[in-house]
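Working notes for the structure below.
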Amino acid sequence: MTTQSSAGPQSQPSRDFFASSPSATPGSPSKQASQASKQPDALVTPSSVTANTSVCADNLLDHHQHEPQHDAASVVIGIEGSINDSAAIHRRRQQPRRAAVQNAKPLFLAEDEDDAINWPVADQEEGDDFFSTQLADQKVKRPARATVNSDEKDFQPSTLSSLSSPPSETVYKRSPPSDDVQASNGPAKRPKKSWSTPASVATTKSAPRHCSPTPDPRLRHDAFDRRYIGTFVLSAWSLSKGSSYVKPGDAVRIFRPRKKHATAEPKIASKLTNGGMQKAKQTTLNFRGASAGPTNFFTSKQKSKEKEHFIVRFSNMRGFEVGRLPLEVAIWMSKLIDAGIAEFEGVVVDCPPSLTVGCDIILQVKAYIKFDAFFSTLLGSREFDDQNEALRPETAESDLEKTLRERKISLLRMFRVCDLKPRLSNAILKSHKASDDFSSEAMLDQYGGDIQGAVKHAGSDLAISTENGTQLPHAGEDASSTAIDLDVEGDTDAVAHLEIADQLQSAKRQTDGDADTEENDGTELNLNQLDQVYRKAQANDAHLPEVEPPESFVLTLRPYQKQALGWMKNMEMAPGQSSSSQEQSVTQQGNGDTGERNVSLHPLWEEYEFPLDYDNPQANERLILSATRLFYFNPYTGDLSLDFQRASKGSRGGILADEMGLGKTIMVASLLHANRTSDPGEESEGEINAVDAAEGDVSTKRKGSAKQTSLASAFAASTSSVDQRKALLKASVSKGKASLVVAPMSLIGQWRDELIRASAPGSLTPVLYYADTKGDLLAQLESGKVDVVITSYGTLVTEYRRFLDGGGASNRHLSVSAPLYCIDWLRVILDEAHNIKNRSTMNARACCDLVSRRRWALTGTPIINRLTDLFSLLKFLRVEPWGDFSFFNSFVCKPFQAKSTKALDVVQVILESVLLRREKKMKDKDGKPIVELPPKTIVVKELEFSELERRIYDNVYRRAYLQFASLKANGTVTRNLSVIFSVLMRLRQAVCHPSLVLKAGSKVQSGGIRKDHVDRNGEVGVGEGDHVEVDADAVEFGLDSDHVGGNGTPSTQDLRELVAQFQLDEAGEAGDDSTESYTKATVERLIGEMHGDQATVPPVVSDGENECPICLEESQISPCYLPRCMHSACKACLVDYLGQCKQKGDQGACPTCRKGPVQETDLIEAIRTRPATRAASGGASPTDRPGKACTLTSVPSVIYVRNNLRTSTKLSALISHLNTLRATEAAFKGVIFSQFTSFLDLIEPVLTRYRFHFLRLDGSTPQKVRDKLVLEFQSPSPTNHVVLFLISLKAGGVGLNLTAANKIWLLDFWWNSSIENQAIDRIHRFGQTSPVSVFRYIIKDSIEDRILLIQKRKDMLIKHALNTDNHPHGTKPNSEMLANLDLLFGE
């Protein structure tokens, strides 16, 4: 141990050699060193010698990892001495030993060549540095590592291999990097830089040619291989038996055993076969899906199921394995070794003279942290699988977050056992760690104090005792509700302890080793809880001061909108230093003195000082003379840095969450006029970070005033190089002058029109940046003529992908491919900001990576379902410290899952400072409603399936139920959610229209099923290989066009011919004169009504003519006529009457004159297109045909349609309702919403058949066409006729202004009522002057009934949300999702 500590640290591989090789040579280090002076200088590489030569070289390489060298020549000499002594080593291997020693596994076998191949790239170059004194381009490189273990993939460090420098330059000059730097996002070439260039110049001025705009950030610091962290003592246990292994004072090597790959083993020699070859046992490969049932809906689940072990072993210096470290230590130590973050050396303190298996060995362990660990952060180099991330549940822990969490826990544990305490820490961390309290209650006390009515947290204190006395919580409990007693001195982190303990339990149960395999669900909120969250934020909204807009804003604001303008102007001001509750002063620990920085430490970071290793005076000397003496650690994310982490002044901006329809666009327009430019001295993220880069180590430069910085580098998920981005933004052409508005595609045109309407001519210039309207954005901004750029989320994501695919800021053509990401925006405004609620989506990542000085999120629903919906908004706004998911998850999500009401109180405190929300029902300071809107009426109509529809639906439901039951029986429901949701979608479509469950290749015409869609067996195809068995009556869903004019509406001549063919009886003889006379008179009257020519209409024969002979009701609005006799009756009465006749086996006949036979499809329906009082006005040509652009003059006052269209129950109810309204109201405008565009396809021909004028908007509608459609719908109709707007719920359910309508039809149900409410608020909003009616259709005994039950069930959850979990420990209740599925498929 003394010999190893006599010199400073030397360059070494990024991971301990024994992590990939479980063996070591039994050569003596002292003897190897003694042979150093006997060998000449030579160049030797591990791949150029025999197996034994490689063995010896590798052993000495590993030895030199712990024993630094004085110069490069001694390294070469020592290595060659070891190589030439290979014969002696071989003879020592053959010496007889006792049985225990013979059973011991010598660590160097013939597999060493494979070990060398599997070394990481950084290990290869480190080895070459030891064996060579030549330049880097002359070295012989080993092959790249073939495979990476699953648990190491996310831990691949960005290593910097330090070349061996002359002794005189080691301390005072920075070591240049090797040719290939293994960065976190792949190999990166070393910047070409002169060896004699001073470090300071290289940091601030010199930029490498042909590479990134700025040098490697490692060059800003004095490079070192590793630094001493601390020493701790542990009790290991022996795996060997004998007396010749170790004794007190011996040094030992600590390493990770090589992992076994799941491949068939080769043939091996066996003594049982007398030296022959025995076939190895066959290994069955499990590909995690072929035999384990259906695959998961995102593939990262497979990775988490792979077996993982925490074994850490130690061997003597001769290379023989001695024992293992205890599992409590191995859990966190193995993660650090695998990730190349730390290395460990040990010395035997005490052990028995003769070892036995299982006996205790006391070790003193030294911990070293590697230089590369400070640059291997995953926050700046995230690799995402877009497809899998999109399918990932919103609250599920991603692979990156799991890796960061394990890294964080391991580092915290290492610092704790080494008794390494922070030198500087902010007030939150200091107080919380001192009291061991990282719960929501502590955060509430820190940020907002107590809140009245808070419910006392009820948590379980039961615990499980482990072998070493550690108190472990029961599975599923949170750290905030469990007392943990760990035998570690100093301050502790309860959250980290809990996760360490969970890992320990998992390892002892021999599970897959995941610390947290359960998805992070359980943060769903119901309406009452949402009201509770918003209540505190809305408490003082009525008393906000009103601020008048500038003269350039030409519209008149309402009082509540003036209050919003004043609040937004205040939020864009720089927060005061003393008044900001989120700024924490930096206090200094040690020696009892305190001090303040002009630049405050980031509230999530702590400052540490590298301790001195008193056993290594040379290393201490280098540390004292080095400028890199401090490092920084984030205990919430596990990030390490050598750069000072500065805090910002606070976020500029907030969340404008006014309810839909209150005019958020107009409020933001007034802000754009009020705050046109940035404040003097206001700096952007790029400028702030560039200043930090230029200053280098802030710990040595205390001067300078505090500058604002948002958390782009700490929170934003940027896949580009941070330094490259800083330089790029520093040269931005905008420099905080223009604002960017990001909105759904349907709204960008509306944003432009609203901004122009609200602005005086020439005062504000908005431009669209979308499709062919993009132009040269940078040139427009440079001209100074553009104030606001409006783009869509889709365009932003497209440019973000180019930004990533092009190498980020290093792309020379970034200004052409992705100009939105090379502009320093004054403000970024997200309209409908709930589009980024899922933090894993490209929408969220693209928005968060924009650089801006001010940020705004506009949404009527900042929280839709879960508390985690709020996180993405906080991250986008750079709200410290809540924009970090580890922090948010620890103090909000997990306590809420543990039934702690304090979690909601913390959310209230957060929103109080960044959110403004007003609702339509709220009142102003005088007690008057802030906005007076006309009443809104919601009518729900219950319908029943027809007999045929019921058979089709029951068949689809039966097959769906069987599929769900099969998955549930196999326990694979959660792994096949995509299948379940597909089945549920088919059920919901079957409720709307049976044709929607046809095969994708089938085409539906006129809202029906064609005959060729039914096979010989009468089966109608359904999606995904299912079939619905129906009889040939399914064909009746088609439209029989016989005797029908174009589009199913008979012309005048057609009507005469149609009636004439029914006037002949079965014998071909005409009827009596009275019947014939009545029929002719009725036909002429109907034709006259159709033209609106009342002068030619014969007088009514009798007053009782309009009376239905079945129900005896009068005033038939849309009567049906029997063509044989032209007697009339209500359509519903006739259809029911003819159906009863068919059931009895009788032929249908006229209920008045008994003339027949009559079928249901023979009926002729008379439909009025406008009220009867207006029937005389206007006229039409008999040859007019219907279409999408029908006008009043082209539509007859009465149309006649043959009842030969078999459609769905919902569509029939919709058409009947529309016909009734058209006959009673002069004119109206209505909007029809549906989630399925295929259902809209079926509605279109039916509306055309009944001569309704309609427009349509869905996701396929181009943006320019959308603007024209909305403008046409909002404009007054010159002919004052009925206009309908068909809109898909996703494409037009948000943002649109459709106040011209006053009637709404919602044809299907969504799982979340907030989406439907947003659609309703497109009509019932600011500017609406008429009462609004909402009509909903629900089918009895269908899945829609159960969807409504789920909505009601969510509302009732508040009654049980705060109750403690009564389930026995060790079991889990069904999740909310599974409970809902059980409800949907229940009996």
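Using the three backbone atoms N, Cα and C, a Cβ is placed for every residue, glycine included.
Because the structure is a prediction, the values reported are computed rather than measured.
DSSP assigns LEU662 (ATP binding site) to coil in the three-state reduction, outside any helix or strand. The feature ATP binding site is assigned by Swiss-Prot to ASP658, GLU659, MET660, GLY661, LEU662, GLY663, LYS664, THR665, with sequence analysis given as support.
Taken from Swiss-Prot, the feature compositional bias 'Low complexity' covers 19-40 (among others).
What Swiss-Prot records for 157-168 (among others) is compositional bias 'Low complexity'.
Residues or ranges marked as compositional bias 'Acidic residues' by Swiss-Prot: 513-522.
The compositional bias 'Low complexity' annotation in Swiss-Prot covers 577-589 (among others).
As annotated by Swiss-Prot, domain 'Helicase ATP-binding' applies to 645-880. Across the domain 'Helicase ATP-binding' (645-880), the prediction's mean pLDDT works out to 77.
As annotated by Swiss-Prot, domain 'Helicase C-terminal' applies to 1213-1379.
Marked as region 'Disordered' by Swiss-Prot: 1-49 (among others).
Per Swiss-Prot, region 'Disordered' is recorded for 132-219 (among others).
Among the features that Swiss-Prot reports, region 'Disordered' is placed at 503-528 (among others).
Under the heading region 'Disordered', Swiss-Prot lists 573-598 (among others).
Positions annotated as region 'Disordered' by Swiss-Prot: 676-704 (among others).
Its Cβ placed at the centre, THR665 (ATP binding site) has 20 other Cβ atoms within 10 Å. Note: the ATP site is recorded as ASP658, GLU659, MET660, GLY661, LEU662, GLY663, LYS664, THR665; in the same chain, GLY860, ARG1325, PHE1326 also have Cβ atoms within 8 Å of that site's Cβ centroid. For GLU659 (ATP binding site), other Cβ atoms within 10 Å of its Cβ number 19. Taking Cβ-Cβ distances under 8 Å and a sequence separation of 6 or more, the neighbours of ASP658 (ATP binding site) in its chain are ALA564, LYS664, MET667, GLY860, LEU916, ARG917, ARG918, GLU919.
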